[in-house]
Amino acid sequence: MGRTRYTSLKEGRRTSELPAAALRAVWREGYGAGDLRADVMAGLVVGVVALPLAMALAIGVGVAPQYGLYTSIVAGFVIAALGGSRTQVSGPTAAFIVILAPIYTSFGLAGLLISGLLGGLILIAMGLFRLGGLTRFIPHPVTTGFTAGIATVIATLQLKDMLGLELGREPEHFFERVMVMWEARASVIPGELAIGLLTLAMLVMLPRVTKRVPAPLVALPVAALVAAGASLIWEGFEVATIASRFQTTVGDQVYAGIPPLPPLPMLPWEAAGPGGEPFELSFSTVRALLGGALAIAMLGAIESLLSAVVADGMARTRHDPDSELIAQGVGNVVAPFFGGIPATGAIARTATNIKAGARSPVASMVHALSIVVAVVVGAPLLGFLPMASLAALLLLVAWNMSEARHFVHIVRVAPASDVAVLLTCFGLTVAVDMVIGVSVGVVLAALIFMRRMAEVTEGAPAPTGPAGTVEEVPAGVVVYAIRGPLFFGAAQKAMAALEIVSRETEAVVLELDGVQAMDATGLVALESALETLQDHEVHAVVAGARGQTLALLKRAGVAEREGVHLCENTAVALAWLREHSPRAAG
C-alpha cells in the first residue's frame, strides 16, 4: 500500500509512515520519558471514565457487563496500536446500542459477536479501498438527525432500570416500548428511582464543582454506599445491582456479577444463542446477520472518523482516515474472539484523553491495560454498583449525545429543505431504525443537492458588445453560454433554449468555459441539441471546453460530427466563423 503522511500541527513537522502506523510515527519523531509519563497519567484517567461506561453500555445492549469491559480492553488496545489517530480512544459506544440490542435479542451473544466480526471485515475492506474520505459527504443534518434519534432511543431504554419497572415483555419498536412502559407505570420502585436521581444529580453537578475528578468516579461509589446503607436502615429497601442481576459460570465456578478474570480466548460461534440455547452456525444465519454487520460498519466508520476529526481539532494533529478504518476493522475482528462486542471511536473518552495530556496512542493502550487490572483486582466491588446508577449514567450520555441545543438551532435557522432532512432522519431512526433513517436521509439530501445544483446551472445567450463579455458577434451568429456543471439534474434545463432557433440563425457558438464537469446525461442532452441544430442546418461551434468536459467531448467524437467545430475559446470561434461561411463549412 502507499505511504501515508501524518502532520503534527503542534510541532510543525511532517513524518511519513505506512498506513496503520500513527504509533510508529510517534516513535520516529522521538518518544521520551516525559511523553510516557503524560500518556500513563492520561490513560489512567480515561480508564476510570471508561470503566463504568463500558459496563453500562454492555447492559444497555442486553449482555453481561464484563463483555463491555472486554471490548474496551481488547478492541481499545488493538485499535490504538494500529490506528491512524494519535489520541483517539475506542471501545463500546452508546450509538451502537440501537443496532446491537435487536441483534442480541434475535441471535443471542454468538450472533452479536459474529455480527461484530463481519462488521470488522467490512471496515477493513473500506480502509483498503480508501473509502475513509467518503464519510465527509454525509450532510450535517443527516448526522445530527440520526444521532439525536439514537439518543432518544437510548434514553427510553434506560427508563426500565432507572424506574425499576417490571415489564412482562420488551418490544423492539420505540412506540410499542413506550406504551408497555406506560402500562407498567404502577410498578415503579421508589428506591430505584431515588438512587437513579441521586446518581444523575451528582453526575450533573460534580463537573460544575471540579473537573479534576471524573464525576462517575464519585457518583457511582457514593450511590452504591447510599443504597447499601439505606437497605440496612429501612426494611424492604432493595435496589438491583450488577451482582444481583448477573451471574457468570466459568468452568465449575459461578460468579455473581463480573468474573475477576481477564478476557479469555473463545470462538464467537460457540457462545450462547438466543434465549441461552446453543447457536447454530449456518450460511443462512450468516446471511441474516449481514444487514446488522453492514449497519455496524457504517456507524462505526462515521463515529470513529468523526471522533478522529474532533481529536485533530483539540490536539492539533492530523489523522489518516483509511488507516483508522483498517484499525477499527482489525479491532472488531479480534475482539469477538475474547468476548468483545462491536467497538468504535468514542468522542467523550477521546476528549477526556486529550484534556488529560495524552501525547500518543500509548495513552489509549494504557487505558485498556488499566481496565484489565480493575477487572482482575476489583471485580467483586464492581458488583455492588446499582443498576439504576448505570442507567442514570447512560441517560446523561444520551442527553449529551443528542446535542439538543444544536438540533433546535438547526431547526430555527437552516433552510426548510435541510430541516426536512434533519427531521426525517430523526423520525425514521426513532420509529424504524438507524439504517433506514440514514439511508433515506442521504438520498433525500442528495436529491435536494441536485435540485440546488440544477438551479445554479443555466444556459442563456451571452452578453455582447462593449458592455458585455463577448466581442461583437457577426450577423446570423448566436453565442449561447452555459454556466455550472452539466449533469443529469440540470442538463435538460440548460440545453432547452438551444432547441429553439430562429430562421435567421446560421451558426451557434456554445460557450462551455463555465462548465466545470459533465456527466453522461449532460453529454446526451448536448448531442441532442447539436442534432436539432443540424436538422435546422445551423452550424455549431463548441468553445472553451476544458478538463474533464473537453476529454468527454473528444471521447464521444463530438468534433467529428457533421456541422460541429471545436475551438479553445469564444474569440477563436468567432474569428473562425468570420473566415468561413457557416453553411459552406457544414
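Quick reminder: no glycine exception, Cβ is built from N, Cα and C everywhere.
Per TrEMBL, these features apply:
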DOMAIN    476-575  domain 'STAS'
TRANSMEM  40-61  transmembrane segment
TRANSMEM  67-84  transmembrane segment
TRANSMEM  96-129  transmembrane segment
TRANSMEM  188-206  transmembrane segment
TRANSMEM  213-234  transmembrane segment
TRANSMEM  288-311  transmembrane segment
TRANSMEM  369-399  transmembrane segment
TRANSMEM  419-449  transmembrane segment
Stretch contact, the transmembrane segment (188-206) with the transmembrane segment (96-129), Cβ-Cβ under 8 Å, 3+ pairs: no
Distant-in-sequence neighbours of the transmembrane segment (288-311), which means Cβ under 8 A and at least six residues beyond its ends: 84-88, 90, 93, 95-96, 99-100, 102-103, 107, 111, 114-116, 118-123, 126, 131-132, 135, 138, 143, 317, 319, 321, 324-325, 328-329, 332, 342-347, 350-351, 354, 433-435, 438
The transmembrane segment (96-129) in contact with the transmembrane segment (369-399), cutoff 8 A, at least 3 CB pairs, sep 6+: no
